[in-house]
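Engineer: Just passing along the structure, written as structure tokens.
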Amino acid sequence: MSYLMGIDLGTSSVKTVIMDENGSIKGTAQQSYEMMIEKSGYAEQDPNFWWEAVVRTIKQVLNETGIHSKKINGIGFSGQMHGLVMIDQNLLPIRPAIIWSDQRSRKEAAEIYSIIGRETVKKIVMNSIFTGFQLPSLLWIKKNEPFVYEKINKVLLPKDYIRLKLTGECGTDFTDASATLAFDIQNRKWAFDLIKKVGLNPDFYPEVHESIDIAGQVTVKAAEETGLAPGTPVVYGGGDQSMQSIGNGIVKPGQVSLTIGTGGQTFSIIPEPICETEMRTHTFCHAVPGTWSIMGANLAAGLSLSWLNKKILSNLSYAEINELAKQVTPGSEGLLFLPYLSGERTPHMDDSARGTFLGLTLNHSKAHLIRSVMEGVVFALKDSVEMFHSLNIKMDTFIASGGGARSDIWLNIQANILNKEIYKVNQLEQACTGAAITAGVGIGKYDSIQSACETIIRINPEPVRPDPAVAGFYNEMYELYKSAYVQNKQLFHQLAMKQDF
Ligand SMILES: Nc1ncnc2c1ncn2[C@@H]1O[C@H](COP(=O)(O)OP(=O)(O)O)[C@@H](O)[C@H]1O
Ligand SMILES: O=C(CO)[C@@H](O)[C@H](O)COP(=O)(O)O
């Protein structure tokens, strides 16, 4: 039997799995880390900490499974998207990475629009210029930390740094490159003209490859650090949403994944790139060669619940959280939560949107806060589903994914708010599975991503079904949810301006 390794560099943790060629997960290791929030609106992580955490998970999973490193035939990656990792001539990180949830580059995003114009953005980049994406973050560095900018040799996406540590090779893949805002989505190449126009150095951008291409082999040094065998082939892998969708078997139109991870994502595959009129959804390259993805993105999904739990409640266990949520009736007795704790992408593309509890009364307890956060996150997913409808995206099957899919009550809320049957797949660690599958295709173990998914991924036959009465009630709540943003938008913007005294 041969084995594949999938590494998912998430925002809250890194997970590493060993999967056999039939798709059976033999072992999983996880290491958590925090975001560094130096100032309100900032979000950074140190690539050195990522690497240390990755090393620990690789050692742990090899140890616990007892699988000899020489039997690992290929390694693939999935990674949090959009972030800016800056490395110098010696291939070392110059400073902590500015990650996707960072909001410091508001001015730079506006500047990029004014330099290249909204129509060109729509035609080439096909995505809104938004804080936390690599291009505006890099422009921020150029303006605010010129001493860092001067030292840059290459800019990478988060998981690309881990691949560099394993193989010594710099590079990226289409899924992640297309989510930097410096990429020509239709033609699948760096938008060098645009990069130059905004005053950035095109030499910073590494080569771009298919997710299934082999990037290199594990070096002797990396082998000593991790316990992997030197010479093990390593593929490029992809952004977490693309990898997660492969782990969910989303390889043909009609299948939609609903992810509640740190962020929230509604994702489907499309045969040609399309752009929503106001660029309120994302259009990126998908890992299945020659295809694209359409995605609704919510910035604080699982993050809203972990914020509530860590900062407001007293670090309850998930079992306690889910039990408390179950004790409250649908609608949280008139309490409505807007999950815009770090602004919102779909559908508002508004970095000044703010999180809100509306309708608090003396009767509300922590159980109500928990349920209402879960409901607010799913209303945000519904916004993306509605947007997919307006774009005529085929939606036959909805598959729940991410940490939030481990909660039965959150699945139940998804079925009722969306008024859809919600399925899950047999694989638990979907992003790692997607990463391992790309490695398997890269080394020739599987013919294609699609054929690997057909063999490995199974949709569980029993979905979570909506209850018509609850779904009808939630439909009314959804109208209130939508109007809450419209009615408070101006106030959110005024409050965002008051963040610094
Ligand atoms: N058992 C659970 N019950 C409820 N929510 C959960 C559970 N497990 C994880 N979550 C939610 O999922 C989030 C983490 O999801 P995950 O997909 O692991 O994140 P990431 O890939 O961003 O690191 C947590 O913030 C939490 O809100
Ligand atoms: O911002 C996006 C997608 O646009 C996220 O996919 C990030 O890439 C982080 O994802 P998780 O850590 O929540 O999985």
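Quick reminder: no glycine exception, Cβ is built from N, Cα and C everywhere.
What TrEMBL says about a protein is an automatic prediction, not a curated fact.
Remember, it's a predicted structure, so these values are computed and weren't measured experimentally.
Below are the features I grabbed from TrEMBL:
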type	residues	note
DOMAIN	3-247	domain 'Carbohydrate kinase FGGY N-terminal'
SITE	Asp8	site 'Important for activity'
BINDING	Met81, His82	substrate binding site
ACT_SITE	Asp240	active site, proton acceptor
DOMAIN	258-441	domain 'Carbohydrate kinase FGGY C-terminal'
Engineer: How many Å separate the Cα atoms of His82 (substrate binding site) and Asp240 (active site, proton acceptor)?
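Structural biologist: Given the Cα positions, His82 (substrate binding site) is 10 Å from Asp240 (active site, proton acceptor).
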Engineer: Using Cβ-Cβ distances, find the residues under 8 Å from the residue listed as 'active site, proton acceptor' that belong to the same chain and are at least 6 apart in sequence, listing them in sequence order.
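Structural biologist: Long-range Cβ contacts: Asp8, Leu9, Gly10, Ser78, Gly79, Gln80, Met81, Gly261, Ala431.
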Engineer: Considering only the recorded positions Asp8, Met81, Asp240, which possess a Cβ situated under 6 angstroms from at least one atom of ligand 2?
Structural biologist: Met81, Asp240
Engineer: Quick one: of Asp8, Met81, His82, which of the recorded positions has the smallest count of other CB atoms within 10 A?
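Structural biologist: Among the recorded positions Asp8, Met81, His82, the sparsest Cβ neighbourhood within 10 Å belongs to His82.
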